[in-house]
Every structure is written in structure tokens, then in C-alpha cells.
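Taken verbatim from TrEMBL:
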type     : residues : note
ACT_SITE : Asp146   : active site, charge relay system
ACT_SITE : His219   : active site, charge relay system
ACT_SITE : Ser556   : active site, charge relay system
DOMAIN   : 31-112   : domain 'Inhibitor I9'
DOMAIN   : 139-615  : domain 'Peptidase S8/S53'
DOMAIN   : 671-768  : domain 'Subtilisin-like protease fibronectin type-III'
REGION   : 203-222  : region 'Disordered'
SIGNAL   : 1-24     : signal peptide
Amino acid sequence: MASLLQIIHFLSITCLLFCGVATSNQIPQPYVVYMGSSSSKNDEHVQAAESAHLQLLSSIIPSEESGRISLIHHYNHAFKGFCAMLTETEASILSGQSNIVSVFPDSVLELHTTRSWDFLAAESGVRASPRYDKHVPSDVIIGMVDTGIWPESPSFNDKGIGKIPARWKGVCMEGPDFKKSNCNRKLIGARYYNIPLASNENKASPTKATGSPRDFEGHGTHTASTAAGASVVNASYYGLARGTARGGSPSVRIAGYKACSEEGCMSSTILKAIDDAIKDGVDIISISIGMNSLFQSDYLTDPIAIGAFHAEQMGVLVVCSAGNEGPDPYTIVNTAPWIFTVAASNIDRDFKSTVLLGNGKTYQGSAISLSNLTYAKTYPLVFGNDVAGSYVPMYEARNCRPGSLDPKKTAGKIVVCVDDDPTISRRIKKLVVEDAKAIGMILISEIQRGVSFDSGTFPFTEVGNVEGLQILKYINSTKNPRATILPTIEVPRSKPAPVVAYFSARGPSPLTENILKPDIMAPGVAILAATIPERESGNVPIGMKPSQFGIKSGTSMACPHVTGAASLVMSVHPGWTPSMIKSALMTTASLYNNMRKPLTNNSNKSANPHEMGVGELSPLKALNPGLVFETTTQDYLQFLCHFGYSQKIIRSMSNTNINCPKNSTEELISNINYPSISIGILSRHHQTAKTIQRTVTNVGLSNTTYIAKVHAPMGLVVNVFPRKLVFFKGVTRLSYKVSFLGKEAPSGYNTGSITWRDGRHSVQTVFTVNVK
């Protein structure tokens, strides 16, 4: 869920864009100028390009404002361009120049904020051979674009890890609180950037981020350790979730790129970090960041899409979070086909906090609360309605809105709040109740309770509507209602799991429905991983030291699980391309939970591909997928043609002489060689079937035969031809076609799968077909 600060930021940006005074378009602000693929090979070329960009600026910026003729960022390795302070008029002039692909404002992007790896392994049903275990040596390098890193964490210990790969060209930047000695054979690189913040009033003088790669938010440290943290035994969050914390491939190397502050991540800085990561020599880039879906750009004004396109061209896999704006459809971000987009699920572990009422009844709620309350003492219990401040509407008080409660009525009591107003987050409600001198809080919320909220030491629990109604009835049944909230306990082996998290952003993609997004689902609820030491003493239990680990939820946490799994596959198959690794993970994903039933969402309904992609990540199965779909740069260029971009722009982006097909239309996007199939519109009035082609590459035994099995909903006619693929020595790639006929199918999205089996492997392709 978006924080109050993020909401304020987006409202301020909207105001700047739409409600400024008449001359606001002449106030300089940061703009990104994207100029396509880079051909710079040496420092001389880079310097010449930088000079040319400065000359370009001097041609449009008035001489009396020559101080603006400077570059905030300069992109020169994988792609070319720059970020500079421009007026709207100057940006418009540049966008009309033939050598410029796009010009867009430097906007704010959001952070999409142990047991999980064991859970994934258990659910895969595959025993890892010694060759594939968690100690497999690896020279794979992951670039984490995030809030920085806390190098002292035991998760970044380099014990048992070999020498830094000779191909590594990165640096370990120093700062007042970060030395080169903080890097090691695990954490091999760290960079930070000057970050112009959107909230800065003086746009002509951007502020700087903290002058070091050190993480002061915890987000970057958490994601990095989730992806590739070293094994740390007996890790826990003040006793909760105790076990061995580790990444997906603990011997993989990490390079941190601090591109974000607590206020967000500027798009120009994200682009710079991606360009640097590619130049430094990373193999995978992990980005748990994205645009707000309300302000979603097209692919040529989306910094992550631009950077990821060029990364993929240069053989670097980019994994991104899908966003936290679920459960509504069309909220997903990072949807370009060359991005590996990750949704979030829970694991088989829950955290419960019990409410004990004065009448002896107990109700179990969801929470991560380090409360020191006990059975021995109860406290007065009140409903927000009944403790409203003067002249405050009851609606605001029962939702515990800021300023709605009267501290004289709440001091020393447990306050019950409801969740009718989605604009007020749980964290804000908790702060309101705590500020009102209450002793604790019970939140009634049906939607969010599946994701435990960390309230620190403040007593808190979250119950559903049924339990909440009983608590409210009890309050109204006695003159002296009392209660207590017990500390959180861990509930292991919970079922069902995995379940799609309510916050996980949903597809279809608002840009095109002919590519299925998200791609895959991975654990993102209540994930234990390394974090920064707690700075607020009130969140540390009395008598304890700040924990080195934290429990966080979000697609931000799901993304590094896929990053870690991809690094494991890359370690075992170093010659595979990014699309082969992506395909291996997608075609081996699981569609079933730990009850061996189809996956469900937070509403306990069957999950669909726009919620979970092709299913839950299954890393060990992906090590031996049998067949893979290779999505080439040519496929992505065809995608851009079919999406509607001009041939000239695509040539500039790709540094190729591509010729777009004359019949390019968006519906042809379904035909690029992707590991899933999505058809945005299938007319039921067409008498002929729509046919899609796919090509698979055999990465298993050379002599093998695959047979296709179709699982389709009633009324949708799906045929595969040929239904048999025979591979032998010298024949490693074969194509097949799939036809879809929807005359008898129900309206809306029809989903199913095509599975190729050879007795050893099961290669699954999920499809979604929108019948109209």
C-alpha cells in the first residue's frame, strides 16, 4: 500500500503538472532526454558525446541562464542520453529533433515494499542433487538498484566465497560512513548517486542523497539479502520466524546501486544506475521499484522499460516487482515483455496475536506485535466512534483518521478501529491511536488481515469482520468492556499456501493485453531478511538489542526471490540467455498449493493468470526444464513495431536496420515467442480460428519426443499442431501452432494451459484469451 508520504508526493506532482500558474511551464525542472542505443566504446567517445550534449543544451537555453547548461546524469554505455534542467518549452523543442527518441519529466518512482526458500523447495517436489544445492559455487553478479546496502549485516559475509570475477569492472564508492573495506567477495561493488527529489521546492538546485552507498531505509538491504544473502543460522525478528536466513543462491555476488532515498526514486537516477550496472558487468539487475499505476507511462517514457530494453540487448536479465496497488485489475506496472515481472504470494507461515475479552472469549487476529501485555491484566476497551474529538464526524473517528480521537477519552485504553477508508493506511491508524495515548489497537479489516502488520512494541492485532462484529457486540453489552492483546506467536505450516497477496498488483497490462502480465508469482508476504538496525528505540523490546533482521511484505520482497532463482539457474547453466532462464522459471512454475489444490487469491477464489502469472516460482524444477522459449531481440523489436512505434525510432533504439512489417497491428503482439500466450480480443463472431505460433528449444536429452496436452475451459476450442515434437541429434528447435476458436466460449477472459511432456519433463504454457 502507498504510504501517506508517497500519496502527498503524487498529489504534489499532479498539482505541478495541472494546476500551476500560467508561467509554470517556464520553470526549469529535471527532464530525461533519451537518444536510443549507444555506440560508445571508449572514454574518447564518451567525452565527445558529453560535449555534444552540452552543446545541444547551449543551443536552446538562453545565455543569461547558462548555469543550467550542465548534465545531472549522462548515459553513455548501453544507451545514450542525459538528464538536465529544462523548461517545458525547451523540452518540447528537443523532443522534435530527429536524433532524440523521447523527452520526459524526471518523475518519482515508488519502492514496492528464510523460510520462503525452504517453502519453495518443498513445494517443488524436487530433491536437489549435491550439484544444485545451496552451496553451488557461482560467479553470477546481481545488481540491486534500491536504497543502498548495510554492509555489516551477516548476510553479506564472504566466508567460503571465491575470488571476485576478473570480468568485474565496478567500484566500491566511499563516503563518510562507507569505506572500500566494507566491500568484500560477496558485496563486490557499491555506488550511490546525487538524487534530485521531486519534493524539492528549488527545482534548479536538486538535493543530494546521503553521500554514501549505505542504506538508511532497510529496503535495499532486505531485497539484496533475499536474493543472494549468505546463510545465517538462528536468524529471527526478536524471536519470530527463527531459522536459517539465506538467499536463493548464497554464493552469488551482489553489487548495490543506491538510486533511491526515503522520498522515492527519480527516474533519471534509475536510468543511470541501470547503465552503470551494465557497464560494471552484472548478469542480473533486480529492481523492486515502479511507477504509480495512475501515472504509468508508455514504454518510451518509462525509465525502467528503457533501461531494461538495453540491458536485455546486452545479455543482462532484468527482474522487477509488479507493484502493490492490488487487488484491482489494470494496476500492474513494469509490464514490458523484456522485463521479468513478479507478483507476490504468502508462504506457509503466519503470525497471530490473540485478543482476550473481559468475558473470557478470545479471538485470533493477524499481527507482528512485540507487545508486553499478558493474560494477567486487561484494559478498558472502546470503539473509535465513542471516543471522537469535539465536532469530529463519527465516520472519521471509527476509521481513526488523524485528529479524530480525543486523547482524554482514549488514554490507557485499547481502541477498536475499522477500515472503511482505504486512504488511511494501517500505519497511520496505529500512529493516530498511539499518539492519542491509547494502550493498544484492534483493527477490523477483512481485506488486509492476510498480511501481518508490524506494529513494533505497540500492542496491535487485526481481525476480520466476523470477529470484529463479536468484539463490537461485547463493547455494547457491558458498561465496563475490557480486553488485552497478547504478543504475536508464529503459526507454522499454515494452509493454504501460497495464496495471491491482496496488495499484489493485477493485470491485464494497461498498455497491451496481448502479453500476459504478471509473468510469475513468488513469496512476498512476511519475509524475514536482513535489515538496518532499528533507529527508533520505541520499536525495540525492552532489554533487547536492535534486530539484524526484519519482516517485510510487498512485491518488493517477491522480486528478489525470482532474482535469486534466476541466479541459481544461471550458475548451473552459464551459457543460457536471459530469455532461456526466464522461460525455464515460467514453464516449470506450479499452479497448485500445499493442499494440492489450484492456487487461490486473498478472497479464497481460484487465482487467475492476471493475478499470479503462470503460477508460483519453483526454482529447482527450473534447473531442468526440458524445453525453453527463446525470446530474441528481434521478437522485442517486432513487439515495438506491432505496438505502433515508428521504424525510425525502433532503429534508433536498437542500432539496427529493422524493417517493420507493413501489416503491423497490436493483435500480432500475441505471436512473439513468449513463454505464455495472451490474446487481448478474440471475436466470437469469427468463423475461423486465431492461430499463434511458438518455437521451443530442446535443452534436455537430444533424442526425445514431447506430446501436447491441452487444458481449456468449456466452449473455447484450442488445438495444437503438430501435437508431437520429435527431437534428435542435430534438431534442437521446433515450432508448433495453437489455434483458438471462441464461438461457444463465455465472454471475458478464458484461461487454460498447454503442457508438453516427454516422460521426464513437463513444460507448461499458460494462456489467457479475452472472448468478445
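Every residue number used here counts from 1 along the chain in the order it is shown.
Glycine too: its Cβ is placed from the backbone N, Cα and C atoms.
Each residue contributes its Cα atom, and for Asp146 (active site, charge relay system) and His219 (active site, charge relay system) those atoms are 7 Å apart. Annotated pair His219 (active site, charge relay system) and Ser556 (active site, charge relay system), C-alpha to C-alpha distance, rounded: 8 Å.
When the domain 'Inhibitor I9' (31-112) is classified with DSSP, helix, strand and coil residues number 30 helix, 26 strand, 26 coil. The domain 'Subtilisin-like protease fibronectin type-III' (671-768): residue composition by secondary structure is 1 helix, 60 strand, 37 coil, according to DSSP.
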